[in-house]
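*Asks:* Supplied in structure tokens, the structure appears directly below.
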Amino acid sequence: IDPPRYCNHIICYEDSECSQWCTAGCNSITSKCDT
């Protein structure tokens, strides 16, 4: 399973599926979740 293609900080904190991928936060360059 790949991390969500697009994320922002609100999505990372509020969306449980995204937040499990965003353990290292959102990559501001690629707009992807870092694991």
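Cβ coordinates are placed from backbone N, Cα and C, and glycine is handled just like the others.
Sharing the features that Swiss-Prot gives for it:
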MOD_RES   Pro3  4-hydroxyproline
MOD_RES   Pro4  4-hydroxyproline
DISULFID  Cys7-Cys22  disulfide bond
DISULFID  Cys12-Cys26  disulfide bond
MOD_RES   Glu14  4-carboxyglutamate
MOD_RES   Glu17  4-carboxyglutamate
DISULFID  Cys18-Cys33  disulfide bond
*Asks:* Cys33 (disulfide bond) to Cys22 (disulfide bond): how many Å between their Cα atoms?
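*Replies:* Cys33 (disulfide bond) and Cys22 (disulfide bond) have their Cα atoms 5 Å apart.
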*Asks:* Just give me the nearest neighbour of Pro4 (4-hydroxyproline) among the disulfide-bonded residues Cys18, Cys22, Cys26, Cα to Cα.
*Replies:* Cys18
*Asks:* Between the recorded positions Pro3, Cys7, Glu14, Glu17, Cys18, which lies closest to Cys26 (disulfide bond), Cα to Cα?
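*Replies:* Going through Pro3, Cys7, Glu14, Glu17, Cys18 one by one, the Cα closest to that of Cys26 (disulfide bond) is Cys7.
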*Asks:* For Cys22 (disulfide bond), list the number of other Cβ atoms lying within 10 Å of its Cβ atom.
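*Replies:* Other Cβ atoms within 10 Å of Cys22 (disulfide bond): 23.
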*Asks:* For Cys7 (disulfide bond) and Cys18 (disulfide bond), what Cα-Cα distance in Å is obtained after rounding to a whole number?
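*Replies:* So the alpha carbons of Cys7 (disulfide bond) and Cys18 (disulfide bond) sit roughly 8 Å from each other.
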